[in-house]
Amino acid sequence: MSEFKLLVTGCNGRMGQAVISAAEAQGVAVGAGIDVGGSLPEALAKCDCTIDFSSHHFTDELLAESLRQNKSLVIGTTGHTSEELARIKDASKTIPVVFASNFSVGVNTLFWLTRKAAELLGPDFDLEVVEMHHRMKKDAPSGTARTLVEILADVRGLEYDTDCRHGRFGDVGARTPKEIGVHALRGGDVVGDHTVVFANIGERVELTHKASSRDTFAGGAVRAARWLEGKPAGLYDMQDVLGLK
Ligand code: NAD
């Protein structure tokens, strides 16, 4: 049997470089890496699975080529439009895809704790999500913050689009119980901080995760790629990979 090989897309970027190091550390071969201007069909032909940390503008091309070559896919890129998200879902009916807004064990534990805390604390607590990332990050709020809000909205039976307020500026009036606030801070070299605030009259609970290295995301993505080997078509996330479901 030939050796399992990874294609790393966005290979010159911060995460791409971290994935190449993580693959080496886990003894997984990188068959090819491409960045802007590279030939995807040629690179993918040499590999079994792609790990993508590039741009959501690249996702359609990556899905089409992965479908054409019947190759599995790990998508770490964030900032997708709802149409692009629908196309990821569609492709996963034919090929196995792991799509995760965050690949760290700590953040996936935060996802679990957030659901539990929202269920236990009940509807009297106001919900706010605050994230901070480095000055170069393009999308806001982060994919991880969006996942946290989706979890909170699911527990409360709210709609992500209509019940989430991104920041508060000007005369926006008092906070309503049917509202989840999302706040994105940008600056310096912060790898990724996320806090979920549950605030009631007289008390407050805060759950915080702080990433200090990209290696935690990169290592998780390589683990996800290995986990996908032999899996049937489907849309998986990091909770599946970690066995948390
Ligand atoms: P980055 O800007 O450092 O790197 C992105 C790389 O992708 C660049 O080298 C860029 O040239 C390349 N690229 C852009 N368009 C491309 C295309 N069409 N074809 C090939 N390459 C292309 O960014 P980053 O910090 O490495 O983050 C990349 C993505 O990963 C972002 O969407 C970010 O939000 C996301 N991210 C996800 C996680 C996670 O755990 N899921 C963690 C960190 C970052």
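Using N, Cα and C of the backbone, Cβ positions are placed for all residues, glycine too.
Model, not experiment: these values are computed from the prediction.
Some features that TrEMBL has for this protein:
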- H133: active site, proton donor/acceptor (ACT_SITE)
- K137: active site, proton donor (ACT_SITE)
- G10, C11, N12, G13, R14, M15, G76, T77, T78, A100, S101, N102, F103: NAD(+) binding site (BINDING)
- H134, G143, T144: (S)-2,3,4,5-tetrahydrodipicolinate binding site (BINDING)
- 5-103: domain 'Dihydrodipicolinate reductase N-terminal' (DOMAIN)
- 106-242: domain 'Dihydrodipicolinate reductase C-terminal' (DOMAIN)
Greatest C-beta neighbour count within 10 angstroms, which of the recorded positions R14, H133, H134: H133
Binding-site residues near ligand 1 among N12, T78, F103, H134 (Cβ under 6 Å): N12, T78, F103
G143 ((S)-2,3,4,5-tetrahydrodipicolinate binding site) and G10 (NAD(+) binding site), distance between Cα atoms, whole Å: 17
Nonlocal residues around G143 ((S)-2,3,4,5-tetrahydrodipicolinate binding site), in sequence order (Cβ under 8 Å, 6 or more apart): T78, G79, S101, N102
From binding-site residues N12, R14, F103, the one whose Cα lies nearest H134 ((S)-2,3,4,5-tetrahydrodipicolinate binding site): R14
Cβ-Cβ distance under 8 Å to F103 (NAD(+) binding site), same chain, at least six residues away: G76, T216, F217, A218, G219, G220, A221, R223, A224, M238
Other CB atoms within 10 A, centred on G76 (NAD(+) binding site): 26
Least buried by Cβ count (within 10 Å) of the binding-site residues N12, S101, T144: N12
C-alpha spacing of R14 (NAD(+) binding site) relative to the residue listed as 'active site, proton donor', in angstrom: 11
